[in-house]
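Down below is the structure, laid out as structure tokens.
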Amino acid sequence: MNYELVFLAAGQGKRMNAQKNKMWLELVGEPIFIHALRPFLADNRCSKVIVVCQEEERKHVKELMSQLNVAEHRIEIVKGGSERQYSVAAGLERCGTGRVVLVHDGARPFITLDIIDRLLIGVEQSKAAICAVKVKDTVKRVMNGVVQETVDRENLWQVQTPQAFELPILRKAHQLARKEQFLGTDEASLVERIPCPVAIVQGSYYNIKLTTPEDMPLAKAILGELGGIAND
């Protein structure tokens, strides 16, 4: 099954305390951006990549794409919005007539083809599928610095990206959110409101989002582990 990809790289990464977009921070000699995008470029089912970035970084993205020898017809660069949801909407406007679209956070550099495979199976069966992992830690609801309750984690999942949807479904979800002025934290939260069932497929505990400086040493360790697995 072919798909188009909306690749989000417009975030400012303020929590990373970097002086630049965290996409351009290097992880073992290459920008996070490249690590996150490479698996999709290697996947022949990915027919088009729509990179959503800040306008002032468009030239830099083009240069990186040229270095990677990516065919021009396969890449389109669009300006991001003030919120994640608006950036996704901008990307969706540039999607073609394909059936399926994946949305991925560029700050997640450890996506694997296995996860993409599971998502494509999930979206074929359910029209909407997201990858996630079971919550491991005890979770508590807190108000004003005081624990209110311990949440039953049995049915709690940590949601990741990519997230996969039939293109008309995700477009409809964004139209509804815009009409009702709803701002969600991921695409699934919009699709759920249509309503449309969203299937869960197994993600990976390695598939972390790089958000704060503390994540970088962990990312280097994960990259080393994944490299070791690949070389076994």
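Yeah, the Cβs are placed from backbone N, Cα and C, and that goes for glycine too.
Annotated site 'Transition state stabilizer' per Swiss-Prot: ARG15 (among others), in sequence order.
DSSP assigns LYS22 (site 'Transition state stabilizer') to a helical segment in the three-state reduction. Cβ neighbour count for LYS22 (site 'Transition state stabilizer') (all protein chains, 10 Å cutoff from its Cβ): 25. The annotation site 'Transition state stabilizer' is assigned in Swiss-Prot to LYS22 (among others).
If you look up Swiss-Prot, you'll see ARG153 (among others) marked as site 'Positions MEP for the nucleophilic attack', on the strength of similarity to another entry. Of all Cβ atoms in the protein chains displayed, 13 besides its own lie within 10 Å of the Cβ of ARG153 (site 'Positions MEP for the nucleophilic attack').
Sequence annotations record features per position, and here Swiss-Prot assigns site 'Positions MEP for the nucleophilic attack' to LYS209 (among others). Under the three-state DSSP scheme, LYS209 (site 'Positions MEP for the nucleophilic attack') falls in the coil class.
The two recorded residues, ARG153 (site 'Positions MEP for the nucleophilic attack') and LYS22 (site 'Transition state stabilizer'), have Cα atoms 31 Å apart. Taking the Cα atom of each, LYS22 (site 'Transition state stabilizer') and LYS209 (site 'Positions MEP for the nucleophilic attack') are about 11 angstrom apart.
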